[in-house]
Amino acid sequence: MTTIVSVRRNNQVVIAGDGQVSLGNTVMKGNARKVRRLYHNKVLAGFAGGTADAFTLFERFEAKLEMHQGHLMRAAVEMAKDWRSDKVLRKLEALLAVADAESSLIITGNGDVVQPENDLIAIGSGGAFAQSAATALLENTDLSALEIAEKSLTIAGDICVFTNQFKTIEELKY
């Protein structure tokens, strides 16, 4: 699987992800880009789960963003509706973490849209490790969102065998 973490602090939101692609117990690729910018670089998105499934979701989510003129919440809710009702989408195994200047959201494989507490998202196999590290850093340091995301992803990569140290980090300042 993978680890994706999103942190929001001081007019900055960051989504960071590792690059490991695993097939069973085998590492197939170590430098996959699981975080990207969408909708005129105004939305950040990261995925955890099956790579092919995630690319399908990225394409569909970007189409929803275009349809709803970049309105993140509306696009996420419409994506979730499709996810629940479409026979193909229902079989996709992936999670999306998405963020813009106003909101941070998780779109789940069940078609749920969750706005997390404290604007902190951590998903994937190393998500609990990254969330723990990011929470501690948010509560006890003055580090930037980018520094917290990077450090928490490093900690997750040190602990989780399905997370490596190759990082893709995208940042929005607003």
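Backbone N, Cα and C define each Cβ position, glycine as well.
From a predicted model like this one, the values you see are computed outputs, not experimental measurements.
Long-range Cβ contacts of Thr2 (active site) within its own chain (separation 6+, distance under 8 Å): Gly17, Asp18, Gln20, Val21, Ala32, Lys34, Phe47, Ala48, Gly49, Gly124, Ser125, Gly126, Phe162, Thr163. Annotated active site per Swiss-Prot: Thr2, in sequence order.
Taken from Swiss-Prot, the feature Na(+) binding site applies to Gly157, Cys160, Thr163. According to DSSP, Gly157 (Na(+) binding site) sits within a helical segment.
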Other Cβ atoms within 10 Å is the metric here; tell me which of the binding-site residues Gly157, Cys160, Thr163 scores highest. Thr163
Look up Thr2 (active site) in the DSSP assignment and reduce it to helix, strand or coil. coil
